[in-house]
Amino acid sequence: MQYGAAAAEQAWYMPAAAMVVAAAAETAAERVERLASESAVVVFSVSSCCMCHAVKRLFCGMGVHPAVHELDLDPRGRDLERALARLVGAGGAAAAAVPVVFIGGKLVGAMDRVMAAHINGSLVPLLKEAGALWL
């Protein structure tokens, strides 16, 4: 098993079982924070939600391509929904918590906040500052 011994010495090597343990140790709130910081624009969504579809279409119409995390397709999606509901102050109502948008790693909020920012003209500067929009 020379390959196994050599691979174990490498700093980048992590066996699949260790990766699962590391992922399980990450709380839902930590996962939300990590995912929110991985792209300029991140949308936490439910695939059957019309408001989620509307916010995704808004960004695509502006030429912004957000990272979309469909919570209903994620095995840990329920936990993420609860963490997001706490973040946006939905009082534990997970259904009221989506879509949740992060721009530049910062919480913008749910659909009402995104649309308010779009209408009052503050959404485009946020997108430019995050590097999601160049024009």
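Note: Cβ is positioned from N, Cα and C throughout, glycine not excepted.
CYS52 (disulfide bond): 22 other CB atoms within 10 A of its CB, across all protein chains. What Swiss-Prot lists as disulfide bond is CYS49-CYS52.
Helix, strand and coil counts from DSSP across the domain 'Glutaredoxin' (29-134) read 57 helix, 17 strand, 32 coil. The domain 'Glutaredoxin' feature in Swiss-Prot is assigned to 29-134.
According to Swiss-Prot, the feature motif 'Responsive for interaction with TGA factors' maps to 132-135. Model confidence over the motif 'Responsive for interaction with TGA factors' (132-135) stands at 84, taken as the mean pLDDT rounded to a whole number.
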Within 10 A of the CB of CYS49 (disulfide bond), the number of other CB atoms across every chain shown is 18
